[in-house]
Amino acid sequence: MGSLFRSESMCLAQLFLQSGTAYECLSALGEKGLVQFRDLNQNVSSFQRKFVGEVKRCEELERILVYLVQEITRADIPLPEGEASPPAPPLKQVLEMQEQLQKLEVELREVTKNKEKLRKNLLELIEYTHMLRVTKTFVKRNVEFEPTYEEFPSLENDSLLDYSCMQRLGAKLGFVSGLIHQGKVEAFEKMLWRVCKGYTIVTCAELDEALEDPETGEVIKWYVFLISFWGEQIGHKVKKICDCYHCHIYPYPNTAEERKEIQEGLNTRIQDLYTVLHKTEDYLRQVLCKAAESVYSRAIQVKKMKAIYHMLNMCSFDVTNKCLIAEVWCPEADLPGLRQALEEGSRESGATMPSFMNTIPTKETPPTLIRTNKFTEGFQNIVDAYGVGSYREVNPALFTITTFPFLFAVMFGDFGHGFVMFLFALLLVLNESHPRLQQSQEVLRMFFHGRYILLLMGLFSVYTGLVYNDCFSKSVNLFGSGWNVSAMYSSGRTPGGHKKMELWNDSVVRHSKILQLNPSVPGVFRGPYPFGIDPIWNLATNRLTFLNSFKMKMSVILGIIHMTFGVILGIFNHLHFRKKFNILLVSVPELLFMLCIFGYLLFMIVYKWLVYSAATSREAPSILIEFINMFLFPTGEAHGLYTGQTHVQRVLLVVTVLSVPVLFLGKPLFLLWLHNGRSCLGLNRSGYTLVRKDSEEEVSLLGNQDIEEGRNQAEDSCREVMSEEFNFGEILMTQVIHSIEYCLGCISNTASYLRLWALSLAHAQLSDVLWAMLMRVGLRVDSTYGVLLLLPVMALFAVLTIFILLIMEGLSAFLHAIRLHWVEFQNKFYAGAGTKFIPFSFSLLSSKFSNDDDLA
């Protein structure tokens with residue numbers, strides 16, 4: 001798996017790939033996923049690179065495969081997804097596969113086009129039969145209810161010279177019939193009335209069944225209409241209006257015999273079309289079923305081939321154009337695997353000249369690679385969300401595996417809630433290989449990827465719940481309380497005992513609303529509870545005061561330890577990067593500042609817990625007052641925690657004050673001294689080493705004067721470079737800002753850890769309120785109806801517990817734990833300014849059928 005403490009050691013390698021073996025070598029590298037390619041053609045546009053034609057060919061094949069998948073999906077044919085990923089196709093098979101896919105596409109498009117044309121003709125004929133059936137009822141109704149008035153007025157009443165009368169006599173009666181969408185009928189009738197000025201008769205009727213539109217394929221309700229008009233001009237207007245409203249116009253028969261012949265012909269054609277359409281669909285399904293068998297493997301092969309050509313476009317050619325040169329980042333541990341992959345690629349291509357590689361020195365910062373598994377991946381993602389670690393710096397994910405679920409559990413501490421979360425995460429872990437979980441919706445997929453985080457969060461919450469002795473806001477008496485109530489009771493009536501309220505008697509028990517246990521009375525406090533908070537505190541009226549004091553001090557202790565550990569981890573970074581001066585001038589002053597103030601606060605809390613007992617608790621001073629007096633130097637004599645406290649505090653303050661200027665000015669002044677006083681020494685040493693590396697012949701050819709002149713020139717040029725690179729003002733300002741941020745951050749970050757106390761209190765109180773409002777009410781109901789009421793109350797309690805206390809409160813504690821790690825812990829040592837190592841790996845290619853899949 002590699003080290004999780006630091007990122008992998010990387011090296012820059014140069015690959016020399018023969019033109020005939022480059023494709024096979026990159027195919028072998030893609031299967032192993034060992035290297036990250038550098039783009040050597042950044043100044044060349046994507047359309048001017050060497051293998052742009054091959055990339056376009058792959059995109060064309062992808063387009064054909066996407067079309068095949070769409071047709072297969074439309075035909076409800078299952079897409080088989082193979083378990084094994086097929087290798088990239090050899091170059092000899094690429095042209096053959098391209099011809100097969102293109103031929104299959106042409107055939108499918110032709111068959112699909114014929115099928116759509118047959119289907120459209122069939123739908124039109126079905127519409128025509130419905131139109132004839134409905135308009136036949138129009139004709140019968142018009143004959144049955146024929147009016148008694150004449151269609152044309154009598155010639156005896158009108159003059160033959162009347163132009164309008166002559167026009168009406170010469171007019172020819174015409175018909176237009178068809179179908180129109182249900183929502184357009186009203187507007188259609190109005191438009192006919194306004195344009196034709198009443199010279200039309202429109203008859204409409206709704207079809208009983210919805211028909212499929214031949215153009216769109218949508219199933220909608222239709223109206224059959226029959227329009228009677230007089231004159232050719234009116235007929236042209238009617239037909240134009242029908243076109244505007246997208247009506248489906250069909251010829252209207254003039255006689256009953258013609259109608260009968262048309263209907264018989266339509267029935268025959270419909271039966272023929274059904275037969276041809278079924279045969280076409282069967283043939284199309286056979287072709288698609290055969291294509292579906294290999295579409296998955298071909299899609300994966302095309303994606304791999306396209307990824308290979310993308311990487312080849314990042315390579316450069318040598319002067320002879322016979323060899324490809326690539327530069328890759330590779331982990332040092334994977335160099336043997338890289339050589340083996342090149343050998344395999346050369347062997348598969350059958351080349352006589354094998355491809356080879358060599359490492360080259362570089363001053364560029366390598367990418368960061370931290371190997372993870374399914375357990376550590378979630379915690380590494382939390383760290384990477386803040387920022388990818390700089391190369392070879394300490395990785396916080398190793399410690400986040402423990403500290404993150406623990407700090408979450410401190411805020412979420414409840415045995416019952418933690419156990420429910422643990423069971424849910426355990427269910428996901430046990431079924432992690434289930435395909436439905438891996439392909440689930442976004443929310444469930446998020447829980448699935450963080451299943452091990454949830455598992456540890458639930459497990460740690462069970463532990464802190466046992467420490468708090470909280471189980472759904474109730475305490476559990478596992479070992480028996482350490483407090484004895486009977487020792488406080490005395491049947492005698494001693495005036496002194498009654499006055500001091502040390503012992504209880506009958507009068508005290510009867511008249512007192514609150515009974516106080518005194519641990520100084522013998523036999524009352526028999527010893528601490530073996531594990532966690534004593535369950536008797538669940539009955540105490542001052543329970544909240546006691547828990548607040550305990551959780552607040554615990555939060556401060558955990559925060560100081562967490563931050564101090566972050567500063568110590570910074571020392572490991574300075575040691576690794578060989579900046580030992582940062583240890584003395586940065587890390588040590590930071591530790592002194594932290595420990596002399598806040599470490600001393602931690603010491604006082606623990607010291608008071610250990611030294612003062614129940615008998616001397618009234619004499620114990622307040623830690624808060626003592627901590628404030630540490631900075632105010634009170635003149636009056638005060639009883640401190642221990643003897644010599646004032647002298648110790650003054651020494652700690654002096655050390656704190658002295659560490660501040662060292663933190664502000666130590667590193668800039670040291671670098672300035674190193675720049676001014678040590679540069680010549682470093683230059684002479686480097687010059688001596690350079691001469692010693694040369695051969696004796698080269699040294700003898702150079703005269704002493706040439707060596708001195710070269711040394712002086714090198715010294716002048718080095719000083720110019722050093723003066724350009726070294727900027728004392730910038731270094732000083734950076735260190736001052738860092739120091740101010742650290743000193744103020746120690747105060748604010750310590751206060752920020754009080755969120756552990758606040759969220760733990762909020763979770764406990766919310767759980768208590770939910771119990772009091774639901775379960776307590778359900779348990780107090782009369783036994784007659786209590787069982788009937790208790791079941792819905794328990795169901796409601798379970799639902800509210802899951803959605804409010806587990807999901808909402810859990811999300812809140814999760815976000816606060818992330819903030820404590822990102823801001824309070826990681827900023828002490830973690831820069832997070834690196835770039836992630838993204839290897840050229842076929843495993844990063846998506847196996848889904850989509851048009852936008854690329855190399856991740």
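Note: Cβ is positioned from N, Cα and C throughout, glycine not excepted.
Curation plays no part in TrEMBL annotations; they are all automatic predictions.
Note that this is a predicted model, so its numbers are computed, not measured.
Feature annotation from TrEMBL assigns coiled coil to 94-128.
Residues annotated as transmembrane segment in TrEMBL: 406-430 (among others). When Cβ-Cβ distances below 8 Å are used as the criterion, the transmembrane segment (406-430) is approached by residues 437, 447-448, 451-452, 454-455, 457-468, 470-473, 476, 554-555, 558, 562, 755-756, 759-760, 763-764, 767, 801-802, 805-806, 809-810, 813-814, 816-817, 820-821 of the same chain, each at least six residues removed from its ends.
According to TrEMBL, the feature transmembrane segment maps to 451-468 (among others).
Residues 394, 396, 399, 403, 407, 410, 583, 586-587, 590-591, 594-595, 598-599, 601-602, 605-606, 746, 749-750, 752-757, 820, 824-829 of the same chain lie 6+ residues outside the transmembrane segment (554-572) yet bring a C-beta within less than 8 angstroms of a C-beta in it. Taken from TrEMBL, the feature transmembrane segment covers 554-572 (among others).
Within the chain carrying the transmembrane segment (584-607), a Cβ under 8 angstroms from the stretch's Cβ atoms is held by residues 553, 556-557, 560-561, 563-564, 567-568, 570-571, 574, 623, 626-627, 630, 641-642, 649, 652-653, 655-656, 659-660, 662-663, 666-667, 670, 742-743, 746, 750, 828, all 6 or more beyond its ends. The feature transmembrane segment is assigned by TrEMBL to 584-607 (among others).
Taken from TrEMBL, the feature transmembrane segment applies to 651-674 (among others).
The feature transmembrane segment is assigned by TrEMBL to 785-808 (among others).
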| field | Contact set, same chain, for the transmembrane segment (451-468): CB under 8 Å, 6 or more residues outside the stretch | value | 374-375, 378-379, 382, 401, 404-406, 408-410, 412-426, 428-429, 432, 531-533, 547, 760, 764, 810, 814
